[in-house]
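Feature annotations, reproduced from TrEMBL:
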type	residues	note
ACT_SITE	Cys141	active site, nucleophile
ACT_SITE	His228	active site
ACT_SITE	Glu230	active site
BINDING	Ser282, Gly283, Gly284, Val285, Asp286, Ser287, Ser288	ATP binding site
DOMAIN	255-453	domain 'GMPS ATP-PPase'
REGION	23-60	region 'Disordered'
Amino acid sequence: MATLCPGEQHPVKEGRWWQGRAVPTGAPRAGGVAPGYPEPVTTSHPAPASSHRDSASTASRTGPVLVVDFGAQYAQLIARRVREAGVYSEIVPHTMSAQALLAKEPAAIILSGGPSSVYAEGAPGMDAGLFEADVPVLGICYGFQIMAQALGGTVGRTGTREYGNTQARVEAGCGLFTGTPAQQAVWMSHGDAVQAAPTGFVVTASTEQTPVAAFEDRARRLYGLQWHPEVLHSEHGQAALVNFLRHEAGIAADWTPGSIIDEQVARIREQVGDAHVICGLSGGVDSSVAAALVHRAVGDQLTCIFVDHGLLRAGEREQVETDYAEGMGIRVIAVDETDRFLGALAGVTEPEAKRKIIGREFIRSFEAAQRRVVEEVGAAGGEIRFLVQGTLYPDVVESGGGDGAANIKSHHNVGGLPEDLDFELIEPLRELFKDEVRAIGRELGVPEKIVARQPFPGPGLGIRVIGEVTAENLRILRAADAIAREELSAAGLDAEIWQCPVVLLADVRSVGVQGDGRTYGHPVVLRPVSSEDAMTADWTRLPYDVLARISTRITNTVPEVNRVVLDCTSKPPGTIEWE
């Protein structure tokens, strides 16, 4: 293997801004994984051969890093890893033309992996002209093979497949591998393989099964990896991405919480002017941070409406009123609609029917509350023209049309808002992932107990009561849920789990013995899961002593419950919520 750039070894550091702290290399991330993401620092890195044009061409592009999605399950993960490096990224479909891609003035382009073979009929491809446009490009897996094929290399059906953890030998001094060891674990998932690099490229990595596992043409700033640097199992994958972004593409790390807040505040002020704004507040992370961001921009022009549907966990309404009104100075109007919701849910046990009823009643409750606010503001000579929603970037991507931005459906915290509300939308979080939203919230001073709050479904406890939703069943579930949350927090496990639904099997009873007497009580189910995005999840291995304390406290203090069970099902096949 040829060595292109010997002797380039740079010190490494680690730290990701959205976590709010630096993490030592090899320290575990949430979920207990310890990948060790080294991030090269800025040094006197030797410039590529085309350095006379790099600074000018990079400076002329102020657009994002574009992640071209070829159907990979990892496209969103690639975009997140780019942002973790302090660089803004967007996902675009592979159907977007090269002309449309370049019209966005991208600072760099990353071609994702995908399930297709380059030899399959109708397999997605890429206009070769993209590689002559003086834009840094990184091809990953299928994107690596597309680049090789488009530029005259050879991609073959070798009959040998590589899946999972693989040892790669890399030229440690070369561009993508600066500051990383010559032997490293990588994550492979491919059948076809690049057999010969295009003219002008140097092979920079190989594995036992794949002689051409990475290549680069630094003169044209084109790079490719057969493995997936974005997954945790590629132990130096983030370092390769950072090297591409910082040193090879010359992109500054200026995507930070402070810069995001400043940009959004300016946008909101320009959009809103002197008008008034309302926000449907759920108390969850998304709507809370969206409200805090808008409040930073327009202050008392914002009014939040909090609908208490009677399906909340213990103390949640009081927490919202205290934290927002007193702690953050945001005006909150809380409306108690418990009787409306429980009346509508009486006798209903079918899960989808529950969701539809809760969504319908939420719309009616919100409409009534917003009419009162509109009348109040109007009587004072003001006008409400805007509605805040906590739409996140995954919602935009998953509901987008062919150009990556069209046909976006609104994302709502609870059940869906009426389509005919006569307001303009403000969606200050629509460019952000969940972890970024939490970081923005911390920067804005949103209380940690809100920022770190685990996801809670819009229909609330209504879909955690398996059976009829009654005041009595809700009382039982609230008590059990509060105990589980208290014990998990006391054990310091909040950061280790994505969420832990507690489910009441209201239609199930089992025989037990409590206080020397026979009981016929309900079981409750603990559903602790670990996840990054809720698309997939694994059940969390909680310590036995914590599980024992939760079980003992629930069965001792909630007399209607005589059995606590653990749900140890991953997603898939099981969803996180039972209904």
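A Cβ is built for glycine as well, from the same backbone N, Cα and C atoms used for every other residue.
Caution: TrEMBL annotation is automatic and unverified by curators.
For Gly283 (ATP binding site), other Cβ atoms within 10 Å of its Cβ number 22. The two recorded residues, Ser282 (ATP binding site) and His228 (active site), have Cα atoms 37 Å apart. Counting only the Cα atoms, the space from Val285 (ATP binding site) to His228 (active site) is about 31 angstrom.
Ranking the active-site residues Cys141, His228, Glu230 by Cα distance from Asp286 (ATP binding site) puts Glu230 first. By a simple count of nearby Cβ atoms, those within 10 Å, the most crowded of the recorded positions His228, Ser282, Ser288 is Ser288.
Computed over the domain 'GMPS ATP-PPase' (255-453), the whole-number mean pLDDT of the model equals 85. Within the same chain, the residues at least 6 positions away from Glu230 (active site) whose Cβ sits under 8 Å from its Cβ are Tyr74, Leu77, Ile78, Arg80, Arg81, Ile140, Gly237, Leu241, listed in sequence order. Cβ-based neighbour count (10 Å, all protein chains) for Val285 (ATP binding site) stands at 24.
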